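Presented below is the structure to which this report refers.
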Amino acid sequence: MTLASPKGNGKMVAFPRGLTSIAASVVILAMFLIFASWFLVSFPIGSAIRGYFYGVDGKIVLPALKNVDYSYSNSSSGSNLELPTMSSNSSVVVNNEKAQVSIRSVEKDSMASESNVEPSSSGKDSVDLKNNATLEKPTELPKLSSRATEKTADMSGFPSSNTSERNSVDSARGDSDFHFDGYSLGCDLYNGKWFYDPQGPSYTNNSCPIITQMQNCQGNGRPDKEYEHWRWKPSKCDLPRFDAKKFLELMRGKTLAFIGDSVARNQMESMLCLLWQASIYTLKLPVSWLNPLFHIEQFLGFEILEQWYVREWIVEVPQNRGNKRMQRWHFVSTSVMIVRLWSSWLVRETTEKIDFAPEGVTKLHLDAPDDKLMEFIPNFDVIVISSGHWFAKQSVYVLNNEIVGGQLWWPNGSPPMKVNNVDAFGISVGTILSAILTHPNYTGLTIVRSFSPDHYEGGAWNTGGSCTGKEKPLAIGELVENGFTNIMHEKQVSGFEHAVKKATNKSKLQLMDITEVFSYRHDGHPGPYRNPDPNKITKRGPDGKPPPQDCLHWCMPGPIDTWNELVLEIIRREFEGNRNSSS
């Protein structure tokens, strides 16, 4: 067989020449990029070019707002709104690593931090950056001697066959300093006063698009706005204004779930409105033809285009990825998910016939958690859970497959009830929290938001109760004790403590005790301003009867935003230990 000479085959000659050309091009391009990089570093012409095209010179410098706290202002109330001392309760921390048990008395530390001020996205509520004025901080609050010390049980190494003692359970009622791995995590968040903040809320009903219409008090025509300006100030530390960027950084890659009824939805929407104000600092190139050079810069590992960048803040809009079963809002920049799951009673609910309770009537199995809820628990890093108000609705109570009581349902001739609606609530709290604390695949933080007080005066929600005309918080001595609220709170705390004793996993549990604090905020409800109808009745009629109104849910913006300031502070303490809250 005769082989052809390479000289006579053009195709065989072209291939090595092509490789040579490509290699030469790569070398020339590399030399060009190296020269260009040296040239741009040695002779920065970017500012001059940017000045030519955009009329600016130098880097963009954002005006920095000082962290500001506000003193009590002369409002129309003129009242001293400092709350009286609440009941004492010890904080117990359990951590199974050391081999000793000690009980000690610790003086409380005052953790002072400054409030972070963010410009509102609404023009009328925005801070004047040009004036850059510094407001005076409030005067120091009088010290409360009755809460000067605490008792902390350190059971970190107590030998036990039950792994529940590895579970760190921090009761966040706030009667004492918290201790986590030996560090003080702050002061009592629930003993303090309401003070008037002239800056007002972080958002408006116009800057947040997801407010349920019934809680859009300004949009529904409520004429007063002072209720939006009152903020909570703990006695021995500061509760910073909600810092959306701080929250998203702490929760990076994590999921926060709000679980409960419509008041839980109210709180979830408040959280979204606060986060909706978060801005992201981004870099972009002014002209599209520079984009390929950006990728070359990333490949080389050093900046070529620094002088060309335009730096700006943009507001991140979360992506709605929810469905009818679960609302989900995703903040892409930090991969934070805000979730809401509906669960009216937090326990299993059926309608099938049981004994003398006919089909169709709601049966609550008080000893079984809500199945629809529990399957999602392992997916959450932080849970804010609450309930209570649905126990005023018709239902039948079942324990061990036996009917033991009911609400607005109990046939004549039936045996005496063993469990009423208040007892049923306490049992349900213990059931759901025990299920969470013993779930083998859950290691997150659970925050139990205590019972939210309503303010129906002169009757219940369906019997003429009213909160019309309330424009400022109650002052000391004006609070009228609500027996139902008090007993519901008591039963909830009892269920909380019952669940703590059953804990077996490594999750954390805290009680966010807002009940007494918010008993003073009768001004924060929609009242008759439940819809935008301009012809709605908002005053009492000639017979003195009030119009239909909502004195249970909370206006947005309004006092409910404080709940999420507390949530942020609890998360910060959990994730950062005793670092400065203003960092």
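Quick reminder: no glycine exception, Cβ is built from N, Cα and C everywhere.
Here TrEMBL flags 20-41 as transmembrane segment.
The feature region 'Disordered' is assigned by TrEMBL to 104-173 (among others).
TrEMBL lists 112-134 (among others) with the feature compositional bias 'Polar residues'.
Annotation source TrEMBL lists compositional bias 'Polar residues' at 158-170 (among others).
Feature annotation from TrEMBL assigns domain 'Trichome birefringence-like N-terminal' to 186-238. With DSSP classes pooled into helix, strand and coil, the tally for the domain 'Trichome birefringence-like N-terminal' (186-238) is 6 helix, 11 strand, 36 coil.
For the domain 'Trichome birefringence-like C-terminal' (239-569), the model's pLDDT averages out at 91. The domain 'Trichome birefringence-like C-terminal' annotation in TrEMBL covers 239-569.
The feature region 'Disordered' is assigned by TrEMBL to 522-550 (among others).
For the region 'Disordered' (522-550), same-chain residues at least 6 beyond its ends with a Cβ under 8 Å from one of its own Cβ atoms are 213-217, 219-222, 226-227, 230, 454-455, 457-458, 461, 464-474, 558-560.
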